[in-house]
Structures are given as structure tokens and as C-alpha cells.
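So the structure is just underneath, and the comments pick up after that.
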Amino acid sequence: MATNGYKGSVPPEAFRDVKIAIIGGTGLYQLDNVKHIAEFEPLTPWGYPSSPIHIVETAGGHKVAFLARHGRGHAYTPTSVPAQANIAALKHLGVEAILAFSAVGSLRQEIKPRDFVIPDQIIDRTKGIRPSTFFETGLVAHAMFADPFDHTGIGQIVWNKARDVMVGEGVQMHLGGTVICMEGPAFSTRAESNMYRSWGGSVINMSAIPEAKLAREAEIAYQMVCMSTDYDCWHEDEEAVTVEMVVGNLKANGGNARRVVEAVLPELEKAVWGRESAYTIGKGLKGSMKFACVTDPAKRDLAVVRKLEYILPGYYS
Ligand SMILES: CSC[C@H]1O[C@H](OP(=O)(O)O)[C@H](O)[C@@H]1O
Ligand SMILES: Nc1ncnc2[nH]cnc12
């Protein structure tokens, strides 16, 4: 792999014009069949991201960033993933759209292990122990989060461009659904799993929050693609989830995730680079966080304003 190892806070030329990022979850630690251009680990005001960011060149000649959510070798627990640094680093590069992959348990009979789901909602069951916002005392802003995913943009592209490819691999794709994001790292109890089903949950993972929230605060269009690996522990005819089960199915899912990326990138590139495309990415996002700020300019903490400059330059100063 050709890399320009780079550690620093200002990305050099090789890292400019990167508008799309892929976040890989459990089982997806790198992209294959792409030209690697460079990698770097920027120091953000929220620390270092979980892994070096790989810049790859697509068949369409665009640069795309890839980041392994849990780090190389899966070092970070779901709770300790430095999500603020991950999203801040991508935004600072210029990223406008994130396609994120996640291994999930299925809470529905019809979502079989190895199926893919493009969710449109989240129920947050993390326990308030993860830093989940870029804002703090001295600079307060409230992001709209009613629709946590870019479902009408990136989500539709995934559905329209990757569905047939996946069917060809014997994988069913489901459009829409609710991700329950639990704290972990231990899996749920049967009572919890059944409660989530009664709430209308479709799938369960440990990573949609705060990633999706932080992406929204950074004005990045974000869509998670969920790869089912198990029936959690609610299913009376199936064994309760184990890591072996998840990892076994992930071997197949990892290959399928790469096929999704390949199928989706050409249209996503057109949409993001403003060429003719039927899809709009990040509708209403640009500028939204400027008007979401409620702190009187006279009361703003300059140190916090300076931190926010890293992701939303000129918004609060
Ligand atoms: C190894 S099973 C639990 C683990 O898998 C998922 O990871 P990711 O979302 O990064 O693919 C889930 O969220 C848990 O972190
Ligand atoms: N059953 C499950 N619960 C939470 N996260 C998961 N990731 C994969 N399977 C999962």
C-alpha cells in the first residue's frame, strides 16, 4: 500500500477535495480494490481519530476517505470510540457525505442474518457516558435530529444502486427501519431484546449514537447501512447472540459491504460533486448549525468558539 504517513492538524494537498467518507465497523477495517493514495492521523480539538484516515481514489477519479470505527485491530470498545475526533477529522477534510457500516442484531423475523438494512430512525439506548456533542458551556446549539439519517439522499442511492447487486449475492436489502443503539459492550438480556421489539426496533447495534448526532452537528449527510449478523436473543428457535456468530456472518458481510460501496460510489460522487443526479445529498443541512446556536455572542466562550472553528469555520466568531 502506498502511503504518505502524515501526522498533523492541517491536511496537505493530497487530502484536499475529499467529500465522501466511508466508516467501516466490525469486520470492515479497510477497502479493497481501490487505489490507496495516502493516510494520515490528524490531531483534532477532540483528540486523534480511532485510526489513520485512508484516502483512496475511486474508479471515477475522486478521493474518498476511509476510517475504521474501532481502529485497526478493533482496539476501541463501542463506548470508547473517539467519535468526536472521527467526525471532526472527516469534516475538516471537507467531507459532506458519510456512508457508515455497522454489524447489527436483527429484532425482526424477516431480517435474516446477512441481510442488509437501510434504517431511517434511531432509538438511543446509550447511557449518557459517551461524549455526544461538539457543543459545551459557552457555546450552545441544538441540532434538528427528527430524521437522523440522510434517507432521501444517500439512503435512496444505496437502495436503488445496491439492491440488485445484493440480491445477486443472495442478500436481501430492507429499506427503512429503526436502529436501537445500546451501550454495550455486553449484549442485551432477553427482556431487553423483547422490549426493543415491542418498541418497534428493527435492528440493534452499539454505534449509531453518537456518530449520527455528531455528523448532523458537523452538517455532514450521514447514512448507516446495517449488516445483520444474528437474531440477538429474542428468537425462540435461534441461539442467543455470541461473538462467534457475529464474526462468522461478518466474513460474508464484509465482502458484501465492499460490493455496496462499489455500486453506490459512482452515483454518490455525481450527487456530491453537483453533477446531474436525481438525488440531493444533505437537504437543508448547509448553514443549519449557524442558526441552531442560542448563545448570545457576548456570552460565548472564545476557547469553545475556536474549537468549533475546526468543523464550522466562521459560524460563531
Ligand atoms: C462484535 S458484535 C458488537 C459490535 O458490533 C457492532 O459494531 P459496528 O457497529 O462498529 O459494526 C456493534 O455496534 C458493536 O459495537
Ligand atoms: N445482537 C447485537 N446487539 C448489539 N450489537 C450487535 N452487533 C451485532 N449483533 C449485535
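Every residue gets a Cβ built from N, Cα and C, even glycine.
When Thr26, Thr133, Thr137, Thr242 are compared with the phosphate site residues Arg69, His70, Ser102, Ala103, Ser207 in TrEMBL, the one appearing in that site is Thr26. Only Met206, Asp230, Asp232, in sequence order, out of the binding-site residues Met206, Ser207, Asp230, Asp232 have a CB under 6 Å from ligand 2. Counting only same-chain residues at least 6 apart in sequence, none has a Cβ under 8 Å from the Cβ of Val243 (site 'Important for substrate specificity').
Listed in sequence order, the recorded positions near Ala103 (phosphate binding site) (C-alpha within 10 Å of its C-alpha) are Met206, Asp230, out of Ser188, Met206, Asp230, Tyr231, Asp232. Under 6 Å, Cβ to nearest atom of ligand 1: this is the test, and of the binding-site residues Ser102, Ala103, Tyr231 it is passed by Ser102, Ala103.
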